[in-house]
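All remarks here apply to the structure that follows.
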C-alpha cells in the first residue's frame, strides 16, 4: 500500500469510498437489475397480466440482498422498504422499462455503450454493499463465517433468491439454483466478502477505502468486459481449474462424470459395452445369441 500512497491514490480511494450512492448509482443498479428481469422468458407477459407480481419480482431484484441479509441477522425482512425514496425510484424504473410507449426507455438503456456505464456503476454499488454487510455483522466479533455470509448475500442476494423470484413468476426450475451454478458476480461477491472480513478483523493490512477502490476496479473491469463481449464465463475458471483437482480430488468439469453414474441401467450397460474392444463386443454378442437360441430350443 506504500505504492498506492506514493501515487497519491490513497486520497483518491478515500474520496471514492465516500461518494454517495443515492440517487445516481442506485438508479443504475435498479436499471440493470430490472433489465435482467425483463430478459427472463415470460416476464413481459407477466407484467401485462399480473402487474403486481411483476412489481414484486422487480423489488426482489432490486432489494433481495437486503431482505436476505436481514433474514440471516434476525432483523425485520421488510425493514428496507421503509426507505420510500428508493422504493419509488425502483418502481419508476420498473414502470418505464416495462410500460414505456414503444419501449423507448428500454431501448435507450439497453444501447450497449449506455448499458456498459450502468453495469459499471452497478458494480460500484455491489462492492459497497459487501463492505457494508461485513461491517453490519462485525458485532459478532469472531464470527467470521457470519460476517462472510452476510457480505456474500449483500453482494449477490438477488441471485441467491432466484428460485423465490421464479415462484413469483409462476416458474419452478430447481436445476437453476445459484448455489449449484454460481455466476461470476456470485463467486466474486463470496471472494470479496472473504477479503473484507480479513480486512475488518485486521488480518489484511489494508485500509477499507483502499480495498473498496481496488476491488471495485476489478469488478468493474471484469463485468464491463463480460457484458461487452456477451460472455457468460468467469475469470476465476482458469484458477479453479488448477485448484479444484488439488483440493477436492476431481477434474474440472467433473459434473459430466457424475451424470454418467446417474444414467439409467440400460444406458450404463451400453456405455460399458461401448468402452470394450471390438473383439470383446463380438464375443459378448455371440454369447448372447447362443443363450437366446438355447432358450428358444
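Note that Cβ sites are derived from N, Cα and C of the backbone, with glycine treated the same way.
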Is it the case that residue 129 shares a side of the membrane with residue 11, at least as far as the topological domain names in Swiss-Prot go? no
In Swiss-Prot, of the candidate ranges 86-106, 107-127, the one given as transmembrane segment runs 86-106
Residues from the same chain, set at least six apart from the ends of the transmembrane segment (52-72), whose C-beta lies under 8 A from its own: 29-30, 33-34, 36-37, 43, 46, 78-81, 86-87, 90-91, 93-94, 98, 129, 133, 136, 146, 149-150, 153-158, 160-161, 164-165, 168-170
Sorted by position, what residues of the same chain at least six away from residue 74 (Ca(2+) binding site) have a C-beta under 8 A from it? none
Sequence-remote partners of the transmembrane segment (86-106) [C-beta within less than 8 Å, at least six residues beyond its ends]: 22-23, 26-27, 30-31, 34-35, 38, 44, 47, 54-55, 58-59, 62-63, 80
Thinking of Cβ pairs under 8 Å, which stretch from 19-39, 144-164, 209-229 has the most of them with the transmembrane segment (178-198)? 144-164
Per DSSP, the topological domain 'Lumenal' (230-233) contains 0 helix, 0 strand, 4 coil
